[in-house]
Amino acid sequence: SKREIKMRKLDNTKVRPLKSEQLLRIEDHDFALRPGFGGSPIPVGIDVQVESIDSISEVDMDFTMTLYLRHYWKDERLSFRSNKNKSMTFDGRLIKKIWVPDVFFVHSKRSFIHDTTVENVMLRVYPDGNVLFSLRITVSAMCFMDFSRFPLDTQNCSLELESYAYNEDDLMLYWKHGNKSLSTDEHISLSQFFIEEFSASSGLAFYSSTGWYNRLFINFALRRHIFFFVLQSYFPAMLMVMLSWVSFWIDRRAVPARVSLGITTVLTMSTIMTGVSASMPQVSYIKAVDVYLWISFLFVFLSVIEYAAVNYLTTIEERKQLKKRGKASGMYTIDAVQAMAFDGCFHDTDVDMDLAAFSDRCEENETRACAASVPNVDTARTKRKRSLKGNVGRIILQNNHVIDTYSRIIFPSVYIVFNFFYWGLYI
């Protein structure tokens with residue numbers, strides 16, 4: 001009926017909405033060309049909000065950062081009439097139909113625009129033609145690191161932005177709000193680094209075939225946490241060096257004890273050095289941690305060499321004494337305390353000889369007399385053990401070589417001086 005037809009015309013929900021392309025008159029212009037083509041370069045302002053620094057890799061010499069990248073420019077071809085002077089906001093579908101700056105990240109390895117739940121792209125157009133173009137991007141870029149002071153180092157990295165196609169004659173990149181164009185999240189933190197500063201700067205880059213380009217820099221300084229490496233590398237190395245000094249207090253005739261201790265500390269130091277090198281890039285220069293570990297390894301190695309010298313000089317002294325005594329055959333006896341220090345066992349040879357002689361006499365004498373003499377033998381053995389226990393410490397000290405005596409003082413003193421010099425130089 002006529003009444004129903006009239007009601008349909010009055011129903012605004014049935015009216016087809018005006019397309020944004022028609023409002024912006026996109027089809028009337030060639031957006032393959034930049035705004036103001038043929039005239040002065042178009043200024044494009046940039047500001048960045050750093051959301052997070054996801055990782056720092058020493059092996060790959062790169063860092064991964066997530067940020068909001070915003071572009072500001074004016075394109076009069078996108079101006080439109082608006083009674084309330086309000087802007088219009090669009091998603092990523094309009095980006096493919098208009099001109100946008102071709103900013104890229106210099107020295108980047110990997111980068112992507114987040115697309116969950118939809119592509120994280122926003123375009124806001126104002127009535128006078130001003131445009132805001134925002135992206136949420138994660139980028140991995142190179143950071144040229146210097147590990148000569150590792151792990152007591154501070155690394156300076158930068159993320160560089162530049163136009164790919166338009167040189168300074170066509171496009172001028174600049175920080176939109178000066179030094180305030182770079183903002184960061186207050187909760188940014190890294191497991192191995194302190195973030196000392198963030199700063200923004202600008203410069204020019206020259207390419208021989210295409211000319212000069214404006215380049216923007218996001219600079220940040222990272223200072224490494226030292227406590228992790230103290231626990232994992234420095235402290236174990238210190239303990240191994242101190243443990244190697246224990247051999248200076250062990251009797252010089254205890255060959256198995258001193259050799260085993262020296263070899264164990266050498267192998268442990270080698271393991272620590274291998275573990276540190278495996279987590280670092282294979283650089284051609286010496287790092288600070290290499291200096292410390294190699295000097296510590298040298299101290300441990302010298303403690304083994306020290307005992308080799310002590311053992312050799314001890315052998316020469318004993319041969320000279322045997323020659324003086326007229327025992328050139330090399331057959332000589334070692335008292336019980338020295339033998340115990342050599343192999344860790346107590347040798348009561350005199351008592352064993354007395355018991356053998358006593359048993360022979362028992363075969364000739366009466367059984368009752370032998371039984372009466374056994375308590376006297378036990379008493380003699382007990383007295384001998386007590387006398388040995390009281391003299392073990394004194395005899396072992398007398399058997400120490402003069403090299404061991406000096407090593408107890410020289411090794412710790414030199415190592416303490418080295419630590420003061422090392423930490424004073426690198427901190």
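In case you wondered, yes, glycine gets a Cβ from its N, Cα and C as well.
The domain 'Neurotransmitter-gated ion-channel ligand-binding' feature in TrEMBL is assigned to 26-225. Annotated domain 'Neurotransmitter-gated ion-channel transmembrane' per TrEMBL: 234-324, in sequence order. As annotated by TrEMBL, transmembrane segment applies to 226-247, 259-279, 291-310, 409-426.
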In terms of Cβ proximity under 8 Å, which residues at least six beyond the ends of the transmembrane segment (226-247) contact it?
151-152, 192, 257-258, 261-262, 265, 268-269, 272, 275-276, 289, 292-293, 296, 299-300, 303-304, 306-307, 407-408, 411-412, 415
I'm checking region-level scores; what's the whole-number mean pLDDT for the domain 'Neurotransmitter-gated ion-channel ligand-binding' (26-225)?
91
Which residue counts does DSSP give the domain 'Neurotransmitter-gated ion-channel transmembrane' (234-324) for helix, strand and coil?
77 helix, 0 strand, 14 coil
